[in-house]
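Visitor: Quick one: structure below, then a few questions.
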Amino acid sequence: MEVSGPEDDPFLSQLHQVQCPVCQQMMPAAHINSHLDRCLLLHPAGHAEPAAGSHRAGERAKGPSPPGAKRRRLSESSALKQPATPTAAESSEGEGEEGDDGGETESRESYDAPPTPSGARLIPDFPVARSSSPARKGMGKRPAAAAAAGSASPRSWDEAEAQEEEEAGVDGDGDADVDGEDDPGHWDADAADASFGVSAGRAHPRALAAEEIRQMLEGKPLADKMRPDTLQDYIGQSRAVGQETLLRSLLEANEIPSLILWGPPGCGKTTLAHIIANNSKKHSIRFVTLSATNAKTNDVRDVIKQAQNEKSFFKRKTILFIDEIHRFNKSQQDTFLPHVECGTITLIGATTENPSFQVNAALLSRCRVIVLEKLPVEAMVTILMRAINSLGIHVLDSSRPTDPLSHSSNCSSEPSVFIEDKAVDTLAYLSDGDARTGLNGLQLAVLARLSSRKVFCKKSGQTYSPSRVLITENDVKEGLQRSHILYDRAGEEHYNCISALHKAMRGSDQNASLYWLARMLEGGEDPLYVARRLVRFASEDIGLADPSALAQAVAAYQGCHFIGMPECEVLLAQCVVYFARAPKSIEVYSAYNNVKACLRSHQGPLPPVPLHLRNAPTRLMKDLGYGKGYKYNPMYSEPVDQDYLPEELRGVDFFKQRRC
């Protein structure tokens, strides 16, 4: 369970106020770290505007003081202005590296001093690390050295660094641009096109060594590292959270209703909740995450109790995100009802199952269902290219025959890991709209290729120097093993596929029938379930047009029961093709439905069985007239004129009319 820390509470954070030693502004102690990280980048050494006549003006005229003097000045000013409050360095202990400035209200326009990277060396107690690695920009993460040096937020870091580079005229590699053109830090595209056959339609990432890429890919899954933090970076769901949608307006206004996010795996449900969480913390809203796979009812009650206390004492809202909410049973879901109704919590649930079947109707009526669709191939390519660029991998045009591995240049500005553009397109297609599968498949393919090259060099006795590593389409396919088939035996897709199979056979489309059968079996469906449905189809849709169809279906069921998968799949395929080609008749099916409709619509008690049709096993029954007047048909050579329906239903033909 993840709960936002107490430093996000505006009531508690106002108890201790400290003054920034650079810009002299007062602020809560919990926000001094993130403020100093930006303030030091925006103000050069000693360039904060002091009051008129201050002795600091003379010091600034003489030039910046050494780092030691600046450190002493911070301690002295903090001690003089806030004797009962710990210094900013001490107050930063125990804080996370989230970089959230909470209720901070100062803006960058209030500073008139030009930015300079020398501000990072002013006060060692609050260091500001710099890194030119493109991975931090693309992935929103800092390298290990930068993470150990400070706790500035990735977004503040990138904006300050971009402003510095723009004003200083320095490119992404730290070299001045002498030609006056903007250099995004990529290696020479023209030279790459000429030497390596690089695709002109792809962005050129900054060159990174293979070992750097390996270190970046180790640890957390790539899908988690690439998770966006803002709606602007959220790709592929414009229909649900596009610019003109109601939900987008509510999220940007921080008016978040109770939501049920419904969509296939990897479409962005958890990511959207992550974006809402980041935005909520900026507005001092408590955000709690639970997973229905391991949470219990007591965990939910504890969260609700805390939410009630937060609302009563601090007027603070609580958003509760339940991942895989369909895993909760009906009684567990009922726990949310009164608290969602009265506004104690705002519930956000994520599910891959149809909420109409898996979520209580009462709870569903109190939430807005947001349908997230499977990501299109174009969106998948965009997501994969963002990850590839952030890793410093270069995309090659596979239509050009030049092999980058054949070049022996060891120039450090050239990329060391390449991937074919065809491999990117194949990965986007095989992921089947699942961004998690695509990104993790890319991670696995790159790591496997780097590892295999290292093992080859070790076995051959060569020095391991992976200056040229190429990821091909086959590497991507091997990483995924097979196409990502979306199928859930207990979910909506189960019923969707069997319905499609039934309708394809009814329409005599043998190709489509085989496709839907294979999709179910390859997705892990029980073959006996399919065989039972075929037995039903034999009588419902074929009926008397081909009476042998029923025998075919029963034989297929018995065969599946005897031999099982995968051998029985051809038995089912034979039966499905036979049914698709067979003539169709619903005469029996329709007539029986007419009989059921007649019985259900009959007014009053049902008519009795005529006496001549009743059995008379005893003398008393015979004396009462049971069986009297019945004509035994085999005793007559001609058809017998005899009524077999109750008197009220005489003349009714269920094969020709729908109702009696």
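Glycine is treated like the rest: Cβ placed from N, Cα and C.
Here's the feature list from Swiss-Prot:
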REGION    48-191  region 'Disordered'
MOD_RES   Ser65  phosphoserine
MOD_RES   Ser75  phosphoserine
CROSSLNK  Lys81  ubiquitin cross-link
MOD_RES   Ser91  phosphoserine
MOD_RES   Ser92  phosphoserine
CROSSLNK  Lys141  ubiquitin cross-link
MOD_RES   Ser153  phosphoserine
CROSSLNK  Lys220  ubiquitin cross-link
CROSSLNK  Lys296  ubiquitin cross-link
CROSSLNK  Lys305  ubiquitin cross-link
CROSSLNK  Lys311  ubiquitin cross-link
CROSSLNK  Lys317  ubiquitin cross-link
CROSSLNK  Lys477  SUMO2 cross-link
CROSSLNK  Lys477  ubiquitin cross-link
CROSSLNK  Lys622  ubiquitin cross-link
CROSSLNK  Lys628  ubiquitin cross-link
MOD_RES   Lys628  N6-acetyllysine
CROSSLNK  Lys631  ubiquitin cross-link
Visitor: So which of the recorded sites is most packed in, judged by how many other Cβ atoms lie within 10 Å of its Cβ, out of Lys305, Lys477, Lys622?
Guide: Lys477
Visitor: Please classify the secondary structure at Lys305 (ubiquitin cross-link) using three-state DSSP.
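Guide: Once the DSSP labels are grouped into three classes, Lys305 (ubiquitin cross-link) ends up as helix.
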Visitor: Please report how many Å separate the Cα atom of Lys311 (ubiquitin cross-link) from that of Lys220 (ubiquitin cross-link), as a whole number.
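Guide: Spelling it out, the Cα of Lys311 (ubiquitin cross-link) and the Cα of Lys220 (ubiquitin cross-link) are 35 Å apart.
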Visitor: How many Å lie between the Cα of Lys628 (ubiquitin cross-link) and the Cα of Lys317 (ubiquitin cross-link)?
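Guide: Between the Cα atoms of Lys628 (ubiquitin cross-link) and Lys317 (ubiquitin cross-link), the distance comes to 82 Å.
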Visitor: Determine the minimum-neighbour residue: among Lys296, Lys317, listed as recorded sites, which Cβ has the fewest other Cβ atoms within 10 angstroms?
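Guide: Minimum Cβ neighbour count within 10 Å, taken over the recorded sites Lys296, Lys317, occurs at Lys296.
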Visitor: Measuring CA to CA, name the entry from the recorded sites Lys220, Lys296, Lys305 that ends up nearest Lys631 (ubiquitin cross-link).
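Guide: That would be Lys296, nearest by Cα distance.
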Visitor: What's the CA-CA gap between Lys220 (ubiquitin cross-link) and Lys305 (ubiquitin cross-link) in angstrom, rounded?
Guide: 33
Visitor: Lys311 (ubiquitin cross-link) has how many other Cβ neighbours within 10 Å of its own Cβ?
Guide: 17
Visitor: What does the structure give for the C-alpha distance between the residue listed as 'SUMO2 cross-link' and Lys317 (ubiquitin cross-link)? Integer Å is fine.
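Guide: Counting only the Cα atoms, the answer is 47 Å.
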